[in-house]
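Now, the feature entries from TrEMBL:
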- 518-568: domain 'Cationic amino acid transporter C-terminal' (DOMAIN)
- 69-89: transmembrane segment (TRANSMEM)
- 95-120: transmembrane segment (TRANSMEM)
- 132-154: transmembrane segment (TRANSMEM)
- 221-242: transmembrane segment (TRANSMEM)
- 262-281: transmembrane segment (TRANSMEM)
- 301-321: transmembrane segment (TRANSMEM)
- 355-380: transmembrane segment (TRANSMEM)
- 401-419: transmembrane segment (TRANSMEM)
- 425-446: transmembrane segment (TRANSMEM)
- 458-481: transmembrane segment (TRANSMEM)
- 487-505: transmembrane segment (TRANSMEM)
- 517-539: transmembrane segment (TRANSMEM)
Amino acid sequence: CVYREREREGERLMDSHGSSFSNFSSYFRALANTPNRFARRAGSVSTSFEEMSRVRGCSGPDMRKSLRWFDLVGFGLGGMVGAGVFVTTGRASRLYAGPAIVLSYAIAGLCALLSAFCYTEFAVDMPVAGGAFSYIRVTFGEFAAFLTGANLIIDYVLSNAAIARSLTAYLGTAIGVSTETKWRITISVLPKGFNQIDIVAVVVVLIITLIICYSTRESSVLNMLLTALHILFIVFVIVVGFWRGKWKNFTEPSDPKHPGGFFPFGASGVFNGAAMVYLSYIGYDAVSTMAEEVKNPVKDIPVGVTGSVILVTILYCLMAASMSKLLPYDMIDTDAPFSAAFRRGPDGYRWVENVIGVGASFGILTSMLVAMLGQARYMCVIGRSRVVPGWFARVHPKTSTPVNASAFLGIFTAAIALFTDLNVLLNLVSIGTLFVFYMVANAVIYRRYVSVGTTNPWPTLSFLFCFSLTSIIFTLIWQFGPPGKRKAFMLSACTVITIVILQLFHCVVPQARKPEFWGVPLMPWIPSISIFLNIFLLGSLDGPSYVRFGFFSALTVLVYVLYSVHASFDAEGDGNLNQKSALIMKESNESEDH
């Protein structure tokens with residue numbers, strides 16, 4: 001608007017003073033139509049929803065706005081309530097939390113809700129597809145967005161391949177068929193972990209790919225149907241567990257030699273369990289990628305994102321409580337906790353194991369559907385920025401969906417699911433998603449406290465650096481420090497220092513902008529807690545996850561340097577600006593000669 005006003009001012013001046021001002025209007029018109037590449041990449045980000053709308057034009061036809069709040073709640077439930085809860089609950093209860101696994105799920109749900117608040121503020125302010133990639137791009141620039149977005153897409157593809165292969169196992173459990181001998185083909189010449197061909201997983205991935213290419217609205221209807229059936233099975237498991245279980249199992253282990261009580265491993269066990277089960281909540285971020293297809297983003301997105309996280313937290317806590325009531329914690333199976341709980345539990349209810357297999361199969365299908373919708377929209381928006389070929393950004397004029405991105409990633413996922421073992425894939429996921437959650441929480445704080453051209457960004461950047469550093473130190477002490485009073489003192493000292501840094505920033509640095517429609521409450525406390533929790537959870541992951549993250553990050557940087565930095569939307573705008581500037585200077589020189 002400023003540039004257009006100056007353009008009109010230049011035209012008035014030209015009428016008053018003659019041709020000496022003839023280039024003024026051309027100059028500001030050039031500035032109005034081209035982005036400032038160097039300011040954005042340096043971190044002085046001046047982009048906003050207007051630029052995102054201009055980038056959106058690279059996709060051709062717009063995506064159809066057909067989603068309401070209940071569609072988003074359905075996508076959130078479908079994306080989160082998958083097979084993860086049927087796997088992580090047993091390991092977390094048996095090894096870390098015991099019956100207090102209920103509190104672990106409540107703490108993990110609170111962490112997910114805090115991150116969901118950060119996503120919601122961005123999604124309401126900028127209702128465009130792309131989720132975290134779009135938010136980080138307009139805050140920290142193109143390179144940071146591409147680094148996080150590329151890792152997130154890799155995580156989506158690998159996790160979808162893992163979920164597809166687990167579907168085969170759960171279907172076999174539901175109908176009593178051995179997956180290894182009946183539905184998978186073993187090829188001895190291939191290395192172990194890559195030698196079992198899973199045709200069922202490939203077929204399922206390709207069918208879901210066709211569905212999401214056809215229509216987002218129809219995908220939502222299918223997701224609502226499958227999610228409703230899945231939740232009915234979950235409610236059935238909860239009711240039967242509470243009905244047939246015994247309250248003494250919450251405090252008494254089967255072996256008196258094992259620690260007893262509701263907190264057999266203490267408070268540290270509850271938090272370690274929360275770090276493990278948090279992975280069951282991953283999936284709500286895919287809802288934000290559909291913001292461009294929401295009819296009323298201001299009202300629907302907050303209800304859809306936060307509502308789905310709250311509902312899932314309640315379901316998870318009830319499931320964990322029913323499992324703990326069925327069996328003492330030291331008898332829970334770490335690999336298939338719910339199936340084993342009914343198999344070892346009350347007589348006459350072993351058939352529930354087959355019901356759990358059916359319910360988990362529905363959950364797997366909804367998780368895959370939502371995740372594949374999300375990964376396609378991430379790729380579409382990355383294609384709009386031209387850091388990958390613009391072919392991925394095309395939206396089909398008839399279906400109003402990103403068909404190219406959906407088809408490419410669907411085939412890629414199917415190829416990995418064909419031969420890669422589930423255990424190999426599970427070691428490679430999660431770190432990219434947690435890293436993106438961490439980046440979005442930082443971006444919310446930076447966007448609130450920094451206004452380019454009017455505020456100094458260094459106080460905010462210094463706070464984010466210091467807060468992250470103290471959080472990393474706390475996590476390292478928690479993970480590797482020897483137990484005892486010395487460890488407790490160091491953890492307490494880190495906590496006090498972190499709170500002092502946070503309160504000092506809150507009192508000294510004023511907010512540069514207020515959200516117009518919806519904002520994260522208690523700024524900067526809630527995003528800061530989200531930053532800390534994401535760092536803490538990153539510290540609980542194993543070594544192969546960091547090796548994978550380092551490898552794909554290095555590969556992403558290489559692609560960016562060799563291709564993206566030269567072909568991106570910003571680089572294209574830079575070239576247009578240089579051409580227009582040269583033309584303006586040429587016209588100016590000719591005018592002076594005249």
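Just so you know, glycine gets a Cβ as well, placed from its N, Cα and C.
All TrEMBL annotations are machine predictions without curation.
Taking every recorded stretch in 69-89, 221-242, 262-281, 301-321, 458-481 and counting its Cβ pairs under 8 Å to the transmembrane segment (95-120), the highest total belongs to 262-281.
According to DSSP, the domain 'Cationic amino acid transporter C-terminal' (518-568) comprises 39 helix, 0 strand, 12 coil.
Between the transmembrane segment (69-89) and the stretches 221-242, 301-321, 458-481, the greatest number of Cβ pairs separated by less than 8 Å involves 301-321.
When Cβ-Cβ distances below 8 Å are used as the criterion, the transmembrane segment (355-380) is approached by residues 59, 75-86, 129-133, 149, 152-153, 156-157, 159-160, 163-164, 166-167, 170-175, 204-205, 208-209, 211-212, 216, 219, 222-223, 226-227, 229-230, 232-234, 236-237, 283, 285-287, 289-290, 292, 338-339, 342, 388, 392-393, 395, 401-402, 405-406, 408-410, 413 of the same chain, each at least six residues removed from its ends.
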